[in-house]
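Some features that TrEMBL has for this protein:
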REPEAT    199-240  repeat 'WD'
REPEAT    241-282  repeat 'WD'
REPEAT    283-324  repeat 'WD'
REPEAT    325-366  repeat 'WD'
REPEAT    408-448  repeat 'WD'
Amino acid sequence: EVQKHSVHTLVFRSLKRTHDMFVADNAKPIPLDEESHKVKMAVKLRTEYGSVLHMPTLKENLREKGGPNTGDPYGHKQYSGNQGQELEYMITGTHPYPPGPGVALTADTKVQRMPSESAAQSLAVALPASQSRLDANRTAAGVGDVYRHAGISERSQPPGMSTAMVEAGGNKNSALMAKKAPTMPKPQWHPPWKLYRVISGHLGWVRCIAVEPGNQWFVTGSADRTIKIWDLASGKLKLSLTGHISTVRGVIVSARSPYLFSCGEDKQVKCWDLEYNKVIRHYHGHLSAVYGLDLHPTIDVLVTCSRDSTARIWDVRTKASVHTLSGHTNAVATVKCQAAEPQIITGSHDTTIRLWDLVAGKTRVTLTNHKKSVRAVVLHPRHYTFASGSPDNIKQWKFPDGNFIQNLSGHNAIINTLAVNSDGVLVSGADNGTMHLWDWRTGYNFQRVHAAVQPGSLDSESGIFACVFDQSESRLLTAEADKTIKVYKEDDTATEETHPVSWKPEIIKRKRF
């Protein structure tokens with residue numbers, strides 16, 4: 001039988017239990033052990049400041065006749081550089097704490113003041129020749145690396161300062177010299193692009209576009225469920241293919257065989273034989289709409305991505321599903337293939353980009369920098385780099401590990417498509433019908449285009465779903481929401497004088513995310 005107690009007794013017991021639990025108060029810091037603290041500080045000083053402890057320095061106001069250990073609370077011995085001689089030099093003005101063991105606090109450092117700019121710039125520390133060369137090499141590499149690899153955290157140098165080697169009377173000094181903050185390099189000049197042809201014929205949004213390897217014709221897929229083949233030179237319709245029962249979301253022409261591949265929101269992936277203009281293979285497996293596809297450049301493999309959060313790798317000939325690439329947590333919007341590792345890149349509505357190992361069928365790297373859906377990825381045809389497009393930013397990355405290069409900011413819209421040519425022109429097309437053209441190397445936005453919708457369309461039907469350069473890279477084709485295909489070319493009459501780069505050398509503001 002349970003013994004009954006008064007509320008007073010129960011409360012008192014509860015208080016006692018609580019008191020006993022917290023009486024030790026484990027959150028309190030343990031008392032400092034002086035001996036181990038001395039050892040810790042000695043090790044820290046040797047590892048972090050070992051290279052400068054021996055340095056003779058400029059003569060400054062030493063505290064009145066204090067011994068070598070005046071400012072040293074830990075009683076360190078003098079290091080080899082200062083043994084057998086009285087300490088009469090000191091580094092000041094660079095840091096509010098004693099700069100090394102056995103160094104006295106000065107009036108400046110006692111009051112914990114940060115140095116003035118002039119004090120920091122006038123500081124020159126004489127190094128032994130071998131040490132100075134070592135330090136100069138290390139510093140030069142550090143600075144270069146910081147500005148070359150923007151993705152690496154910029155800890156090597158304080159902003160606005162760089163270390164330079166100064167030779168005076170045979171003595172090498174490592175001097176801190178004021179230097180301008182890094183600025184964006186001048187972008188390469190690109191002629192502006194102008195609209196020169198509008199092709200109509202589809203009865204629904206034009207969702208995808210591809211140019212065949214021979215550069216004679218191109219193919220489009222549409223929300224009217226048809227695939228149309230057009231003559232590239234004249235813009236005339238050559239052929240219409242029917243078979244999909246919902247919007248066609250992806251088309252690609254094989255360079256290795258006379259096949260055209262298409263995918264759509266009907267979950268189907270089809271292979272068309274262009275000699276007979278008939279479907280010869282179906283690839284079954286996706287559980288929802290198939291949003292994109294790409295062919296591997298060197299082996300007979302097809303990769304598709306879907307709203308079912310997976311990408312699938314298919315053997316073109318046997319129709320077998322080689323791998324199902326799972327890992328994304330939302331629809332996979334875009335997929336790209338290349339011959340080098342990583343051979344497959346996917347972008348998803350879960351905001352991540354994944355680089356895949358084709359052989360193992362597993363993720364190599366997941367890039368989580370984007371804050372919003374990644375609907376477009378493009379690989380540079382010459383450099384070992386790629387770009388991804390999202391409403392928050394366009395980001396450039398380096399293969400094979402997906403190291404971040406830079407952000408291309410300013411296209412504030414849902415970016416559906418990206419294309420890049422060998423000349424370094426990157427094109428981003430958005431859901432609101434705007435198209436921005438960028439210099440790949442510097443990220444400079446040199447042109448913005450918003451073409452009018454075709455007569456009879458609503459202004460809201462302004463949107464770019466896909467864009468691609470032809471094989472000669474002299475034409476740019478866009479697939480749009482006003483049911484047209486627009487063709488752009490470079491303005492031959494433009495020169496650098498008539499269309500100057502309105503570029504200012506702004507200070508680079510690197511962002512990791």
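Any Cβ shown, glycine's included, is placed from N, Cα and C.
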Going along the chain, which residues at least six beyond the ends of the repeat 'WD' (283-324) come within the CB cut-off of under 8 Å?
246, 249-250, 252, 254-257, 259, 261-271, 330-339, 343-344, 346, 348, 350, 356, 358, 361
So which residues does the repeat 'WD' (408-448) touch in its own chain, when a touch means Cβ under 8 Å and the partner is 6 or more beyond its ends?
184-188, 190, 192-193, 373, 375-383, 387-391, 393-396, 462-469, 473, 476, 478, 480-481, 501, 503
DSSP on the repeat 'WD' (325-366): how many residues come out helix, how many strand, how many coil?
0 helix, 23 strand, 19 coil
Taking only the residues in the repeat 'WD' (241-282), give me the average pLDDT of this model.
96
Could you give me the DSSP helix, strand and coil counts for the repeat 'WD' (199-240)?
0 helix, 24 strand, 18 coil
DSSP on the repeat 'WD' (241-282): how many residues come out helix, how many strand, how many coil?
0 helix, 24 strand, 18 coil
